[in-house]
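Colleague: Sharing the features that TrEMBL gives for it:
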TRANSMEM  B:20-39  transmembrane segment
TRANSMEM  B:68-91  transmembrane segment
TRANSMEM  B:97-113  transmembrane segment
TRANSMEM  B:120-142  transmembrane segment
TRANSMEM  B:148-168  transmembrane segment
TRANSMEM  B:189-209  transmembrane segment
TRANSMEM  B:241-260  transmembrane segment
TRANSMEM  B:272-292  transmembrane segment
Amino acid sequence: MSFIKKFIEQEKVNRRDLLLASAYGLGGVAATGLLGTGMARAAIADPTVAWSYRNRTNPYWNEIVGGGEAFVESLGKPKDFLTHLINEGSSEKSLADVKALLSKTNGDLALAIDTNDAPNARPVVEACAAAGAYVSTLWNKTDDLHPWDFGDNYVSHMSWSDEGPAEQTARILLEAIGGKGGVVHLGGIASNNPAIERLNGLKNALKNYPDVELLDAQPADWDTQKAAQVMAGFITRYGDEIKGVHCANDTIGYGVLEALRAEGMDIPIVTYDGNPQAVELVAQERILATVFTNPHWGGGITAALAYHAATGAFKPSDEPHAHREFYGPTIFVTPQDAKEFKANYLDNVPTYDWSDHWGPSNGQIKYQ
Amino acid sequence: MADVTADPAQSKRLFPRERIIQWAPLLVLFVLLLLFPFFEWLEDFREAKDHIYLLDSRFFSIRNAARIAMSSAPALMVAVGVTFIIIMGSIDLSMEGTVSVCAVIFAFAFIAWGGTILSWAWLAIPVAMLVGAAMGFVNGIVHVKLKIPSFMASLAMGFVGTGLALLLTGGDRIRVEDPIFRSLLTERWFNFPVMCYVALAFLLIAWFIQSRTTLGRNFYAVGGGEELAHASGLNVERVRIMGFTLAGVFFAVGALLAVGRIGIAETATGNNFMFVSITAVVVGGTALWGGIGGVWNTLVGVLIVNVINNGMVVIGLPGWVQDGTLGLLVIAAVVMSTDRQSVSFVK
């Protein structure tokens, strides 16, 4: 039973230490409180750089992480210097992984993250700030969470508003069908924010086209095969009434094109995301327009912001709000400029200046 | 001497319970085929349009039958593969990973060896089937030799497959645009694309294996009573491993048809196949505890699932209702195809 004896002895010592420490420390705690939590650490010379995201299966996230890798390579480090935290669509795993990495690195961390859902952003940011690490978020955060409320540790947040660009591609489509007839929409996973915004964009555009009817809108879950099946159903139900198709992203568009091809139909479609395959299809005029959000830059710059704040290259709290919460870039790709766009952005991925943090960004995020 | 064992009225019934259970899936399919046109008719009737039931139906048309067949073909191959496993009383959940790996390796090999069927690239087709067989074989070995329950072993193998596919592609998508290979989708014989006939041919092969080979008989022996089969001198372990290998080959065929349908091979090619194939097998009337059912049940099951998926879009049901309806249907199908009096407890 010696281990019990040992335990009791240890506890006695612990309690004594605690009493002494609290008597001694009370004044000290008050003093450090004045300095604030963020001041506990000055610049981190060589922070670990990590990207936390869903997984690489999706071409979009693959591009994002590719940008993160390009950034660490620009530092003269190997690609695998970037630590990958893969949450597989689980917010719990996302948070647990971040906490594990924080204790492993003792807070010497520059983290770029999509927290999987909006409510998860707050615990992630709070954990990073408490450990003295630097974090930049992409896409998901709640409206009441702001980088400037955390001193320097919550460096920045970037997101995209898809409603406007989706409305513009919808206008291109509606013009192409001569402003009358029926259109269908194939959406993403119904509860995803981009899916909702992209459908809203179409609905906004339709207000100016009274002769166009939105025949149907169904979720295709961002999935090529499901999109082909849903489109086949639409063709059965509406047949030649469908004059144009509005797709929530490129991968859905590929499925729609194959469904149309199987029927020998050729009608205009527009997509979103500007993946390389979609851009090629735009150049061949099989897709009418897509929107490029430059995920490569987005992934790289999110990591760069966290890294440069961590090393002290810039001080986030000295920057205006527009540099802490901003929209990412959107570039329209249409048949006229597809070739040029492909040459500039896809065939040779441009070498970005990762210290130009806000050049391509698109203004401060507005809340409704 | 009076017959005391059976109630005479019972045996003279026109439709004994067993026969109803046997034909219930086909009955469900027919009801669905008549139900969706009815909803179409109802919609036009409300709007006072001319609509003759069935004749004017867009759902009940050859063009739409081809669309349903097209969406069924890859799922049918995967479901046929898993049917053999379920007949043995095991389960195989590795299909999503296996389909992705086969699709990706097929696409890589196809492009590397010439990119058209007319060159050596046709070899990519048998290679993909060998890869499927190898994955199924490993799956069977892990299940039998390491004595891991089949659902766990195969689920794990499925994850390994998805990971392997991702490793191979690095998240990219590979396009297979050979017009001859894509004629699986674009070429039609008697209104149906070629891929439907390919699927039909493999269905006949599966039926042959199931009913005319020793292996097929042994699947039923293992599923009907493993102890008994073992006591009769059957090498149950070998049958199981061969079953998983065979399933892997059919998953590979499913992968080839899936690539043929959309012209893209990627890690996501395998997505959704698990839900669709298991649902189809069960709805078709193959019992999950083994020994009952077969590939024709699976054909009916796959058609039911795809008729519902297509029909719900055609009559314009919202997406969330579609998922819920399919879930309810699975419960209803199992309830109908199970003789609950003979099953004392369910685990």
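Heads up, residue numbers simply count up from 1 along the chain you see.
Quick reminder: no glycine exception, Cβ is built from N, Cα and C everywhere.
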Colleague: With Cβ distances under 8 Å as the criterion, find the stretch in B:20-39, B:148-168, B:189-209, B:241-260, B:272-292 that has the most pairs with the transmembrane segment (B:120-142).
Modeller: B:241-260
Colleague: Count the Cβ pairs between the transmembrane segment (B:189-209) and the transmembrane segment (B:68-91) that lie under 8 angstroms and are 6 or more residues apart in sequence, then report whether there are at least 3.
Modeller: yes
Colleague: Within this structure, do the transmembrane segment (B:241-260) and the transmembrane segment (B:97-113) have 3 or more Cβ pairs under 8 angstroms, counting pairs 6 or more apart in sequence?
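Modeller: Between the transmembrane segment (B:241-260) and the transmembrane segment (B:97-113), which are separate recorded stretches, there is contact, as judged by 3 or more close Cβ pairs.
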Colleague: Apart from its near flanks, which chain residues at least 6 from the ends of the transmembrane segment (B:68-91) lie with a Cβ under 8 angstroms of it?
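Modeller: Cβ under 8 Å, 6 or more out: 99, 143, 150-151, 154, 185, 192-193, 195-196, 198-199, 202-203, 206, 209-210, 219-220, 222-223, 226, 239-240, 243-244, 246-251, 253-255, 257-258, 261, 273, 276-278, 280-281, 284, 286-295, 297-299, 301-303, 305-307, 309-310.
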Colleague: Do any residues of this chain, six or more beyond the ends of the transmembrane segment (B:20-39), have a C-beta under 8 angstroms from a C-beta of it, and if so which?
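Modeller: Residues 53-54, 57, 59-60, 283-285, 297, 300-301, 303-304, 307-308, 311, 314-315, 333, 336-337, 339 contact the transmembrane segment (B:20-39) from elsewhere in the chain.
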